[in-house]
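Trainee: Attaching a single structure in structure tokens format; questions to follow.
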Amino acid sequence: MKLSLLIAASALSGLGFARPAVVAERSELIVRQVSGTVKNDLLQDTTCRPYYLIIARGSTEADNIGSTVGPALCSGLQSALGASKIGCQGIGNAQGYTASLADNTPTYDGGILTSKSAVAGAASIFNQVNTKCPNSKVVATGYSQGTAVLYNSIEALPANVKSKILGVTLFGYTANVPNKGQIPNYPASQTKVFCSDSLGADGVCTASEITVNAAHLDYSSQYANGVAFLKGVIPA
């Protein structure tokens with residue numbers, strides 16, 4: 001895989017190669033760095049809720065659930081099911097996931113498309129549901145680099161912990177091509193991958209090379225579908 005860096009694109013623009021889409025992408029990434037949402041329901045709850053949504057934000061997104069997919073799916077599921085029934089928990093800096101763009105390169109930390117510390121942090125959250133709230137079940141969502149955090153952690157979870165995960169949505173799945181739209185060692189029927197085509201094909205999840213383009217940054221039209229999928233795997 002190859003990560004098409006926005007910095008390189010900016011250099012080309014300075015040499016006279018017009019890349020308006022790339023400029024828009026850089027602006028969006030800057031916005032992500034200064035806006036975000038924090039959700040720590042699992043860590044803060046004194047009474048366990050029946051379900052928890054675990055969220056892994058995209059590269060450069062601030063706080064622990066970011067500003068795009070995470071807040072949308074959290075609010076959507078809580079509106080549909082009730083906040084007393086489902087809580088939201090992000091995987092943040094405190095768990096070792098900084099969402100650094102550099103960690104998303106194919107040559108970093110063994111080519112897992114994120115950091116090993118992020119994967120370990122995600123695993124700790126899934127395990128904490130099992131120990132703190134043994135009767136609770138889990139759904140999960142990830143965006144961009146967050147999809148790598150989820151697939152790497154879920155793949156290696158103990159069977160008793162993994163069995164509590166009812167469904168996973170992956171937006172802009174960075175390992176979509178090599179993993180064939182699945183999470184290794186996790187049921188395909190419980191996995192839903194969203195690859196944006198609103199502004200052309202998402203260059204991250206539809207190709208063998210990681211190319212961050214405008215489509216990768218536009219998933220707003222898919223939020224409702226993500227909520228519907230996860231709501232559908234939760235017993236009525």
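Think of each number as a place in line: the chain as shown, counted from 1.
Just so you know, glycine gets a Cβ as well, placed from its N, Cα and C.
TrEMBL does not curate its annotations; it predicts them automatically.
Annotation source TrEMBL lists signal peptide at 1-18. Feature annotation from TrEMBL assigns disulfide bond to C48-C133, C195-C205. Look at TrEMBL and you will find S144 tagged as active site, nucleophile. Residues or ranges marked as active site by TrEMBL: D202. Feature annotation from TrEMBL assigns active site, proton donor/acceptor to H216.
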Trainee: Cα within 10 Å of the residue listed as 'active site, proton donor/acceptor' is the criterion; apply it to the disulfide-bonded residues C48, C133, C205 and give the hits in sequence order.
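Mentor: Taking C48, C133, C205 one by one, the ones whose Cα falls within 10 Å of the residue listed as 'active site, proton donor/acceptor' are C205.
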Trainee: Nearest to C48 (disulfide bond) by Cα, among S144, C195, C205 (recorded positions)?
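Mentor: Smallest Cα separation from C48 (disulfide bond) among S144, C195, C205: S144.
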Trainee: Can you see whether DSSP assigns S144 (active site, nucleophile) to helix, strand or coil?
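Mentor: DSSP call for S144 (active site, nucleophile): coil, neither helix nor strand.
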Trainee: Please name the residue among the disulfide-bonded residues C48, C133, C195, C205 whose C-beta has the most neighbouring C-beta atoms within 10 angstroms.
Mentor: C205
Trainee: Between D202 (active site) and C195 (disulfide bond), what C-alpha distance do you get in Å?
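Mentor: Computed Cα spacing between D202 (active site) and C195 (disulfide bond) is 6 Å.
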Trainee: How many other Cβ atoms are found within 10 Å of the Cβ atom of D202 (active site), counting all protein chains shown?
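Mentor: So the number of other Cβ atoms within 10 Å of D202 (active site) is 27.
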Trainee: Could you state the whole-number distance in Å separating the C-alpha atoms of S144 (active site, nucleophile) and C205 (disulfide bond)?
Mentor: 9
Trainee: With every protein chain in view, what's the tally of Cβ atoms within 10 Å of the Cβ of H216 (active site, proton donor/acceptor), excluding that atom itself?
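Mentor: So the Cβ neighbour count for H216 (active site, proton donor/acceptor) comes to 27.
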Trainee: Sorry to bug you, but what's the C-alpha spacing from C133 (disulfide bond) to C195 (disulfide bond), rounded to the closest Å?
Mentor: 33
